[in-house]
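Residues or ranges marked as Zn(2+) binding site in TrEMBL: A:100, A:103, A:140, A:143. The Fe cation binding site feature in TrEMBL is assigned to A:115, A:132.
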DNA sequence: TTTAATGCAAAGTTTTTGCAGAGAG
DNA sequence: CTCTCTGCAAAAACTTTGCATTAAA
C-alpha cells in the first residue's frame with residue numbers, strides 16, 4: 001500500500017500538485033475501502049478519524065483532483081450522490097458494476113468485457129471510444145440463493161440449520 | 001403519436017394513475033424530443049409553453065411516475081443533473097449512449113450490443129441481469145471529421161469552400 | 001519565501017416535501 | 001363525491017466558491 005501511495009504522490013508531483021496530509025489521508029481511506037463505493041460524505045467521515053480537522057470542501061477538492069488524475073472514477077448509481085471508485089493501477093478503462101436491485105450490493109467486474117463491443121461501436125458508429133461506464137441492474141447471487149432457500153422452506157424441505 | 005399517448009394512458013390506468021393535462025403535456029414534450037436527453041428543468045421549460053401554470057414539482061413527480069412505469073429511463077451523464085430518456089416501446093432494455101468528450105453531443109444506440117456479455121455475467125457471476133446502463137465516452141464522428149479537415153487545412157490542402 | 005492548499009461558512013444547484021385547494025373519474 | 005393530483009413555497013440534500021490563514025517544497 002505504501003508503494004501505491006508513493007506512485008500516487010509521483011503522479012501528483014508530475015502535475016505539480018502536493019501530497020498534503022489531508023490528501024494522503026483521503027487516499028488512504030480510498031485504498032482501505034477499495035471494494036466500497038463511497039460518497040464524498042462517506043469519505044469525509046472516514047477521513048475525519050485520521051485527520052479530525054479536515055473539511056468537507058477539501059475532500060471534495062481532493063476527490064476532484066484524483067478524478068482528474070484518473071486515480072479514481074466518479075460514478076453515479078442513481079441515488080442522488082456521486083461515488084468515487086479507485087481505478088485499478090494501470091487499468092485503461094473503468095471497471096464494470098453489478099447493482100443488486102434487492103439488497104443494494106454493488107459488486108465489481110474487473111475484466112474488460114467490452115472489447116468486441118467497442119470494436120463494433122468504433123467501426124459502425126465511427127466513434128472513438130476513450131472510456132466507458134457499464135452497470136448491470138439485477139439480482140445478485142446472494143439474493144438468488146436466499147430466494148431458493150426460502151422456496152425450499154415453504155415446501156417443508158429445509159436443510160438442517 | 002396519439003396512439004403512443006393512448007397506450008401510455010392505458011399503462012397509467014392499469015396502475016390506477018390518471019392522465020392529467022399536466023402529465024399529458026409532459027409526455028408530449030418527451031415524445032417531441034425523443035432524441036434529446038432533457039433534464040427535469042428542460043422538460044419544465046418546454047412544458048410551460050403548452051401549460052404555463054405547471055409547477056416544477058409536478059414535472060418531477062410526473063417524471064418519477066413515468067420512470068416507475070418504465071416509460072422513461074432516468075440517466076446521469078456526470079454533470080450534476082438527472083436526464084430522462086424515453087424508452088422505445090416494447091424495448092426490454094435501456095438503449096446505449098455515446099457521449100462526445102469534445103462537443104458534448106449524446107447519440108443513441110438502439111441495438112442491443114450486450115446479449116453475449118450478459119450471458120457471461122449471468123453464468124460467471126451468477127447475476128440475474130434485469131437491465132443495464134452502458135455509456136461510451138469518446139470522440140464522435142462529427143468531431144473526428146472536423147479534426148481531419150483542420151489537419152488538411154494546415155497543410156494548405158483545404159477543399160474548395 | 002512563495003505559491004498552492006486548507007477550513008470555514010456562505011452560496012449555489014438540484015430535488016423533495018407539506019399542505020391547502022383544485023379537479024379527474 | 002371522493003380521493004388523487006397540483007402549485008406554491010419552504011426545506012432538504014449535495015456540491016461549489018470566496019476568502020483569510022496555513023503550510024508544503
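Note: Cβ is positioned from N, Cα and C throughout, glycine not excepted.
Note that TrEMBL annotation is computational and uncurated.
Locations of recorded TrEMBL features on the structure.
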residue: A:100; record: Zn(2+) binding site; CB count, 10 Å: 21
residue: A:103; record: Zn(2+) binding site; CB count, 10 Å: 11
residue: A:115; record: Fe cation binding site; CB count, 10 Å: 9
residue: A:132; record: Fe cation binding site; CB count, 10 Å: 21
residue: A:140; record: Zn(2+) binding site; CB count, 10 Å: 23
residue: A:143; record: Zn(2+) binding site; CB count, 10 Å: 18
Cα-to-Cα gap, residue A:140 (Zn(2+) binding site) vs residue A:132 (Fe cation binding site), nearest whole Å:
22
Rounded Cα separation (Å) that holds between residue A:143 (Zn(2+) binding site) and residue A:132 (Fe cation binding site):
28
Cα separation, residue A:100 (Zn(2+) binding site) to residue A:132 (Fe cation binding site) (Å, whole number):
20
Starting from the Cβ centroid of A:100, A:103, A:140, A:143, the recorded Zn(2+) site, name every other residue in that chain with its Cβ within 8 Å, sequence order please.
A:101, A:102, A:104, A:105, A:139, A:141, A:142, A:144
Helix, strand or coil by DSSP: which one applies to residue A:132 (Fe cation binding site)?
strand
Among the binding-site residues A:103, A:115, A:132, state which ones have a Cβ less than 8 Å from a Cβ of chain B, giving them in sequence order; state 'none' otherwise.
A:132
Can you tell me the CA-to-CA distance separating residue A:100 (Zn(2+) binding site) and residue A:115 (Fe cation binding site), as a whole number of Å?
24
Taking the Cα atoms as reference points, how far is residue A:103 (Zn(2+) binding site) from residue A:115 (Fe cation binding site) in Å?
30
Helix, strand or coil at residue A:143 (Zn(2+) binding site), per DSSP?
helix
